[in-house]
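Scroll down for the structure; my scribbles are underneath it.
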């Protein structure tokens with residue numbers, strides 16, 4: 001039998017290890033801020049609602065920020081960091097440069113949240129909440145959020161360049177990238193349905209409307225009117241990703257794909273008449289409830305990608321820079 005002192009030491013060590021493990025590997029939960037910031041959700045929703053009322057497109061931009069954040073080293077708020085003289089962030093990576101937007105809105109939300117519960121809520125969690133609220137405000141589904149993420153202290157522009165699938169991606173590349181992050185092919189299609197809101201720049205779809213054959217002719221001609229063939233002409237002109245209801249979250253995006261009216265090459269790759277995702281697209285085009293429920297499940301899974309929890313990372317005071 002071991003000496004009493006040895007048993008006491010072992011028990012103490014075990015308790016220390018358990019506590020330490022709990023502090024570094026804490027799990028996300030739906031009631032994470034219930035006691036520490038009970039006004040969080042109403043505070044965020046109010047600011048998001050005001051921003052979307054000023055510009056409906058902002059809802060899509062905030063949803064996209066969350067997507068771009070999670071696809072680069074996990075959902076850690078790294079996409080929000082500004083470049084400095086000694087730090088190169090993600091904002092000027094190819095997928096984000098002259099494209100990612102909504103940073104000022106996130107600043108406003110963070111300031112409002114800091115007033116009601118200073119130093120408590122991470123920028124990473126704010127992105128998750130704003131994405132959910134944006135979808136809901138624009139007519140989409142609601143869901144209970146898992147929170148408890150902390151903010152990254154660093155990031156990588158190279159990771160952003162390599163991690164976010166470009167609009168030129170083919171289906172195999174899309175599936176591979178999503179699978180690498182633990183997201184299924186069905187998740188890919190459901191999350192792509194986020195393109196039922198928002199707009200894209202001419203540079204993102206010029207090649208499709210002039211060079212591709214699997215596109216509705218009248219749709220291509222409509223887009224060509226504001227997106228000239230020549231590079232450098234009208235590059236930043238915008239077109240809705242969903243030509244029917246660009247500011248309302250519904251399943252028209254999938255109806256467009258079935259009719260070869262996907263704006264981006266990567267969009268139309270989800271439905272080509274013979275692909276592995278055709279049946280999913282067709283199903284969503286006919287059953288909006290199925291799309292909504294799968295979109296919610298996919299958003300929750302995406303929000304679970306490599307979060308910093310416990311004692312890892314930090315709670316930034318300003319979303320644009322580390323403390």
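Keep in mind that glycine also has a Cβ here, set from the backbone N, Cα and C atoms.
Just so it is clear, the model here is predicted, and its values are computed rather than measured.
Per TrEMBL, the feature active site, proton acceptor maps to 68. TrEMBL lists 165 with the feature substrate binding site. Residues or ranges marked as heme b binding site by TrEMBL: 195. The signal peptide annotation in TrEMBL covers 1-26. Residues or ranges marked as site 'Transition state stabilizer' in TrEMBL: 64.
Around the Cβ of the residue listed as 'substrate binding site', the same chain contributes 71, 173, 174, 177, 266, each under 8 angstroms and 6 or more positions distant in sequence.
Each of the recorded positions 64, 68, 195 was assessed for Cβ neighbours inside 10 Å, and the highest tally belongs to 195. Comparing residue 195 (heme b binding site) with residue 64 (site 'Transition state stabilizer'), their Cα atoms are 9 Å apart once rounded.
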